[in-house]
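Sharing the record's features from TrEMBL:
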type	residues	note
BINDING	Ser7, His65, Gly141, Phe142, Gly143, Gly144, Asp174, Gly175, Gly176, Gly196, Ser197	substrate binding site
BINDING	His32, Asp34, His65, Asp174	divalent metal cation binding site
ACT_SITE	Asp34	active site, proton acceptor
ACT_SITE	Asp174	active site, proton donor
Amino acid sequence: MIKLAASILSADFSKLGEEVRTLDEAGADFIHIDIMDGNFVPNISFGIPVVRDIRKHTKLTFDVHLMIEEPSKYVEQFVKSGADIITVHYETDRHIDRTLNYIKSFGVKAAVAINPGTPVNMIKNLLTTADMVLIMSVNPGFGGQKYIDYSYDKIREVKKYADEIGRDILIEVDGGVDSTNIKKVVEAGANVVVAGSAVFKNGDIKKNIELLKGSI
Ligand code: DX5
Ligand code: ZN
């Protein structure tokens, strides 16, 4: 079963509660929440109180993607604000194995993300611990960028390594996914697909989600 994770980075922040309810009714599986600190990535999005407040509007899985330095410092606060999955970037944490176990100690799912420029090999050992791997298919920081083609190979590589150790992990792909490439992303091995601009474009969320799901 493929999960569609709708990224609220492309939502109207002045009515986030309503946007999240619309995503829920329209059939999104996860709410993908991009946290940016203006340091690890060249953009600032929103923080912990926003996650806490939108939690009241849906029971959907909160898939929190931390694009911040020193992510382990904030794990507990994101758990308390309602995160179900917490993703930290390999590039931001010298002790990523410890952080993944720390996240799991709160009873939520732990995920590791890699930037386009980071080879899959760097996180191979973490596949024994991580509940999910997030392959960035754009350089993180902004919605609406073009999918980087070599990401397909990286998805296949994660899937191969996970199969080798018999782990049925979540493989998430984030950035530049739309109705023209979602099938190929899933065929490569992704089972969680993030979409931001493809979900919110032209304001018809329900139609966009139907198109994305129907294109798999
Ligand atoms: C980018 C974020 C993505 C972004 C995806 O740094 O991590 O989640 O919202 O947006 P689209 O689907 O528009 O590429
Ligand atoms: Zn993201």
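Any Cβ shown, glycine's included, is placed from N, Cα and C.
Unlike curated records, TrEMBL annotations are generated automatically.
Here the structure is a predicted model, which means the values were calculated and not measured.
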Identify, among the binding-site residues Gly141, Gly143, Gly176, the residue whose Cβ has the fewest other Cβ atoms within 10 Å in this structure.
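Among the binding-site residues Gly141, Gly143, Gly176, the sparsest Cβ neighbourhood within 10 Å belongs to Gly141.
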Where does Gly176 (substrate binding site) sit in the DSSP three-state scheme?
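DSSP call for Gly176 (substrate binding site): coil, neither helix nor strand.
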How long is the line from the C-alpha of His65 (divalent metal cation binding site) to the C-alpha of Gly176 (substrate binding site), rounded to the nearest angstrom?
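It is 16 Å, counting Cα to Cα.
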Calculate the distance in Å between the alpha carbons (Cα) of Gly141 (substrate binding site) and Asp34 (divalent metal cation binding site), and round it to a whole number.
9
Comparing the binding-site residues Ser7, Ser197, which residue's C-beta has the most other C-beta atoms within 10 angstroms in this structure?
Ser7
Tell me which binding-site residues (Gly141, Gly143, Gly176, Ser197) have a Cβ under 6 A from ligand 2; sequence order is fine.
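Close enough to ligand 2 is none of the binding-site residues.
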Does DSSP give Ser197 (substrate binding site) helix, strand or coil?
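Looking at the DSSP assignment, Ser197 (substrate binding site) belongs to a helix.
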Which is it, of His32, His65: the one of these binding-site residues whose Cβ has the most other Cβ atoms within 10 Å?
His32
Which whole number of Å gives the largest C-alpha distance between any two of Ser7, His65, Gly141, Phe142, Gly143, Gly144, Asp174, Gly175, Gly176, Gly196, Ser197, the residues noted as binding substrate?
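Greatest Cα-Cα span of the listed binding residues: 17 Å.
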